[in-house]
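Q: Following this message is one structure expressed as C-alpha cells.
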Amino acid sequence: MLMNIVQTVRKLRLPGRKDKSKKPKVQAGQMTFLEHLAELRTRLIWVTLSVLLGTSATLAFSHDMVGLFIDLGKEANPKINFINTELVHGFSVYFYVSIYAGILLSSPVIVYHLIAFLAPALEPESEPGQIGYENEVKMLKSIKRALIVAIPMVAVFFVSGVVFCYYFVLPPAIKFLTTFGADQFTPTLTAMSYITTVTKVMFWTGVVFEIPIVMYALAKAQIVKWKTFVKWWKFAIVFSLVISAFINPSPDPVMQLMIAGPIMGLYLLGILFARFA
C-alpha cells in the first residue's frame with residue numbers, strides 16, 4: 001500500500017517541476033544552438049588573432065606600401081600635393097594600409113575557419129532509407145565539389161581584380177579628377193582621404209572579379225543552369241554599368257564604359273565556366 005502511494009506521488013507533476021521526459025533529443029553528431037555559438041566565438045577569436053598578427057607583420061612594410069599609392073598618384077599627375085591635416089593622420093595612413101594587407105595575408109585562415117564552421121551544414125539531415133535522402137546527398141556533394149574548386153580560385157581572381165584596378169582603372173581616374181579645373185585649383189589632397197578612396201576602389205574591383213567564380217559555383221551546385229545565365233545577358237549589361245558607376249571615382253562616361261566592358265567580359269567568362277561546370 002505504501003509503495004503504491006510513493007509511486008503515485010512520483011508520477012505527479014508538481015508546479016515548476018520540469019518534465020525531463022519531454023526534453024528535445026539531440027541526435028548523435030548534431031550540435032545544440034549554444035554549442036554553435038561557442039564554436040562561432042572560438043573561430044572569431046582565431047580569425048581576429050590572425051588579422052592582428054597579419055597587420056603587425058605588414059606594419060614593417062607599410063612605408064613601402066604607402067609609397068606605391070603615392071607614386072601612383074604622382075605618375076598620374078605630378079602636380080599633386082599630399083598633405084596631413086590632422087596630428088594622427090600620418091600614423092593612421094600607415095595603419096590603415098597595414099590592416100588591409102593584414103586581412104589579405106590572413107585570408108587563408110579566414111577561409112579555413114569559415115569552411116570549418118559551415119561544414120556541418122553540408123551533412124545530410126535525413127537518415128539513410130528516408131524519402132529524399134539520396135537527392136539530399138547528391139545536392140550536398142555537388143555543393144562540396146563546387147566549393148573545393150571555387151575557393152582556391154577566389155584568391156586568384158581577387159588579386160587579378162586588384163592588379164587590374166591599380167594599373168588600368170586608377171591612373172586615368174586620378175588623372176581626370178586631379179586635372180579637372182587645374183587652371184583654377186592646385187590639386188592638394190589629404191593622404192588619408194586619398195589612400196582610403198584608392199584602397200576601397202581596389203577592394204571592390206577585386207570583389208567584382210569574383211563574378212565568374214560565383215556563377216561557376218551556382219552552376220556546379222545545380223542551383224542555376226548555365227542557359228539561365230545566357231538569358232540574363234540584358235540584365236548583365238545594366239548590372240555592369242551600375243557597378244562601373246559605383247566603382248569608378250571619376251564621372252567620366254568613357255572611363256565608366258572602360259570599366260563596364262571588362263565586367264561584362266567577366267560575366268561572359270562566367271557563362272563559359274558554368275557551361276563546363
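Cβ coordinates come from backbone N, Cα and C, glycine included.
Any TrEMBL annotation is an automated prediction that lacks curation.
Taken from TrEMBL, the feature transmembrane segment applies to 44-62, 93-115, 146-169, 201-219, 231-248, 254-274.
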Q: Using a Cβ-Cβ cut-off of under 8 Å, list the residues of the same chain that are 6+ residues beyond the ends of the transmembrane segment (44-62) and lie near it.
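A: Tertiary neighbours of the transmembrane segment (44-62) are 94-95, 97-99, 101-106, 109-110, 113.
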Q: Please report, as numbers and ranges, the same-chain residues at least 6 past the borders of the transmembrane segment (93-115) whose CB is under 8 Å from any CB of it.
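A: Here the qualifying positions are 43, 46-47, 50-59, 61-63, 65-66, 69, 84, 147, 151, 154-155, 191-192, 195-196, 199, 203.
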